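A short write-up of the structure that comes next.
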Amino acid sequence: MRTERVSPLLALGILVAGLCSRVHCLPENVTPEEQHKVTSVDGHSLASSNTDFAFSLYKQLALKDPNKNVIFSPLSVSIALAFLSLGAHGPTVTEILEGLKFNLTETPETEIHQGFQHLLQTFNQPSNQLQLSVGNAIFVQEELKLLDKFIEDARVLYSSEAFPTNFRDPEAAKSLINDYVKNKTQGKIEELFKDLSPRTELVLVNYVYFKAQWKTRFDPKHTEKTEFHVSDNKTVEVPMMTLDLETPYFRDEELGCTLVELTYTSNDSALFILPDKGKMQDLEAKLTPEMLTRWRNSLQPRRIHELYLPKFSIKSNYELNDTLSQMGIKKIFTDADLSGITGTADLVVSQVVHGAALDVDEEGTEGAAATGIGIERTFLRIIVRVNRPFLIAVVLKDTQSIIFLGKVTNPSEA
């Protein structure tokens, strides 16, 4: 007969942010002498699973409130959960990785971690054209002893920092973690954790910081207040940017949507997807990795004589416990085996929180966001009006990773 136990708690903090500031790279690259070698596994081999997870998580978040903005980093959530799985055993690790859409008969657990290691190394390469930093941190109760193997795997595979923390003083612990987050996001996310239990033993944090400039920038002198149609009976005024450029474009008659891709100076890109009026929920239901591949293969350079895109800044803060449970990741909250972290099997996850912030302006994308596109044709002229709800996917070219995914329903709401 099983007896009830009061388990120590573990929390996951996942955050994404970006703004016009300098960023700092993570710890140095892994040397050839490291215990864990990077194999032929690379970001592309993870792209399909990560994209599948991204769309599955998006659908869950969008269903909770179809009329709200959605912004999150699927890559950040994936990295945090994969990081957690380093310390999981048995059905717990299987549930986490299968929940992340990995087929463990095709991709062994070791290769998954090596793939994320490769992604982190790729993301944190210095660049003059892109500010991108991805990192992990462990905040651990002062007297808690972590297993040496977990510490080493966390450092080598996930570039993780570690900080002793007194969770028995939850306010001080919360301040320590939130200050770390605020510093790493240059003040963009100020309060990732709103509260912590004094029973917390461990907090894992993942962050993404992103800043990129458009290859063809908008002229601020041409930005004007314009109507944005939130719904049939609600209209708001937003600052609307405008531009004349040649850029990849595709009209999908089958799904009833229009796509425009804007490229950053780094050659990464933001894909804006505008469903026809009344088609948003139909389109959301059909989002799959295969659909994204079809869209990207169908994009062709076209001259857009007038592109109108709203300038906006939005934030989000999600508690993902219920959402992840609905996606099949349940054991971590109830009867987890996380004995690979401390050597005992009495840790459970108390909360998974995710914060995101996105600014889009004339210079480029800061963080992540969503934008949309409406199309008018007058003979050979193409006019793209982003004046109703739309989707956005920010994709990193080198790995085809979706670093941000979202929906902008109302650009005037922060």
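Glycine too: its Cβ is placed from the backbone N, Cα and C atoms.
Quick caveat, the model's predicted, so the values are computed rather than measured.
Feature list (source: Swiss-Prot):
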| type | residues | note |
| --- | --- | --- |
| SIGNAL | 1-25 | signal peptide |
| CARBOHYD | N103 | N-linked glycosylation site |
| CARBOHYD | N183 | N-linked glycosylation site |
| CARBOHYD | N233 | N-linked glycosylation site |
| CARBOHYD | N267 | N-linked glycosylation site |
| CARBOHYD | N321 | N-linked glycosylation site |
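Between the CA atoms of N103 (N-linked glycosylation site) and N267 (N-linked glycosylation site) there is a gap of 31 Å, rounded to the nearest whole number. Minimal Cβ crowding within 10 Å, among the glycosylation sites N103, N183, N233, N267, N321, is found at N233. Looking at N183 (N-linked glycosylation site) and N321 (N-linked glycosylation site), their Cα atoms lie 26 Å from each other. If you take the Cα of N233 (N-linked glycosylation site) and the Cα of N321 (N-linked glycosylation site), they are about 34 angstrom apart, rounded to a whole number.
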